[in-house]
Amino acid sequence: MKGDLAIAFARVTEGAALAGHKWLGRGDKIAADNAAVEVMRTLLNHTNINGEIVIGEGEIDEAPMLYIGEHVGCGGCAVDIAVDPIEGTRMTAMGQNNALAVLAAGDKGCLLKAPDMYMEKLVVGPQAKGVIDLDKPLADNFAAIAKALNKPLSELVVTILAKPRHDQLITEMHAMGVRVFAFPDGDVAAAILTCIPESDVDVMYCIGGAPEGVVSAAAIRALGGDMQGRLLPRHHVKGDTEENRRLGEMEIRRCAEMGIEPNKLLRLEDMARSDDVIFAGTGITKGDLVEGIQRRGNIATTETLLISGKCGTMRRIQSSYDLNRQDEAVKQHTL
Ligand code: VTB
């Protein structure tokens with residue numbers, strides 16, 4: 001992929017973040033998401049790519065924008081795009097920390113095309129690359145990771161989504177002796193923190209969204225970390241009710257159409273098939289990974305984490321926008 005695309009992608013997540021931020025603390029996660037999606041789509045369509053959305057807002061028959069299979073861009077090299085215009089719509093609506101606008105891109109065929117379903121995820125930084133195995137018990141993984149990091153198990157820091165489905169597991173992790181940092185939402189930021197040297201986080205484990213999983217995989221691959229995942233049908237995660245089974249069966253059918261198997265171990269290389277990937281993530285609200293947006297009248301400042309896998313660079317870009325001078329679509333959703 002052309003290196004100069006990275007900055008264009010940063011511009012796209014910045015626009016989406018600004019649009020989402022306009023809805024900060026308004027209790028309306030759908031309006032926040034719609035605004036971010038529309039701006040992200042407009043800006044992607046101004047970008048010099050021949051892009052295909054492989055991870056997006058859903059399927060075409062649900063009539064979303066940025067649906068899986070949608071073509072974006074105004075011509076250029078063929079790229080796969082995975083987007084989450086607001087990773088943390090609830091966090092944005094409720095004014096909570098760690099909401100991001102994120103995008104990952106790679107050459108055509110690079111990123112896993114997966115339906116919007118759940119994914120079990122285990123993520124570590126570069127020093128523990130090669131030692132994880134989701135087919136083994138978590139206790140074995142933690143022991144192997146602690147050994148690779150050359151620290152006692154009692155000092156291993158594991159982050160996990162604080163959801164009821166993990167309550168029992170969190171108790172088990174405490175009994176294993178690791179430190180558990182449970183975060184309310186936003187596993188993309190938590191996954192990336194495993195690869196940030198200044199962060200205390202060693203491991204991220206959770207059952208969260210598959211779209212977030214693929215976006216994370218691109219960032220983790222670019223940063224030299226490691227990740228494994230497993231797509232889980234809804235009734236395996238949320239309880240075997242009639243409705244969950246119906247939705248789960250639909251996910252299984254969709255997986256078959258996309259040529260992937262649920263419940264099967266996915267390695268990092270299955271989710272992000274090349275090092276030449278780009279990740280852009282802009283803070284909407286203040287977070288552990290990046291700062292949130294600050295606004296003074298029409299001037300807004302953003303912070304973006306921009307990672308290029310080709311040469312292993314990670315940049316933090318601070319930008320200042322005069323919202324009055326953006327193009328109409330952006331202005332409409334940000335001013
Ligand atoms: C997951 C996680 C995300 O929302 O999708 C979660 O991957 C939703 O979980 O990072 P539930 O279905 O249990 O509500 C996030 O935390 C935020 O988008």
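Each Cβ is built from the backbone N, Cα and C atoms, and glycine gets one as well.
Because TrEMBL annotations are produced automatically, they should be read as predictions rather than curated entries.
When TYR67, TYR118 are compared with the substrate site residues GLU87, GLY88, THR89, LYS163, PRO164, ARG165, ASP185, GLY186, ASP187, GLY209 in TrEMBL, the one appearing in that site is TYR118. For the Mn(2+) 2 site, TrEMBL lists ASP84, GLU87; matching the candidates GLU172, GLU198, GLU212, GLU242 against that entry yields GLU212. The two recorded residues LYS163 (substrate binding site) and GLU212 (Mn(2+) 2 binding site) have their Cα atoms spaced 16 Å from each other. Taking a C-beta cut-off of under 8 angstroms and a sequence separation of 6 or more, THR89 (substrate binding site) has the following same-chain neighbours: GLY20, LYS29, ILE30, ALA32, ASP33, ALA99.
Checking the binding-site residues ASP84, LYS163, ARG165 against ligand 1, the ones whose Cβ sits under 6 Å from it are LYS163. Checking each of the binding-site residues GLU57, ARG165, GLY186, GLY209 against GLU87 (Mn(2+) 2 binding site) by C-alpha distance, the shortest gap belongs to GLY186.
Secondary structure from DSSP puts GLU87 (Mn(2+) 2 binding site) in a beta strand.
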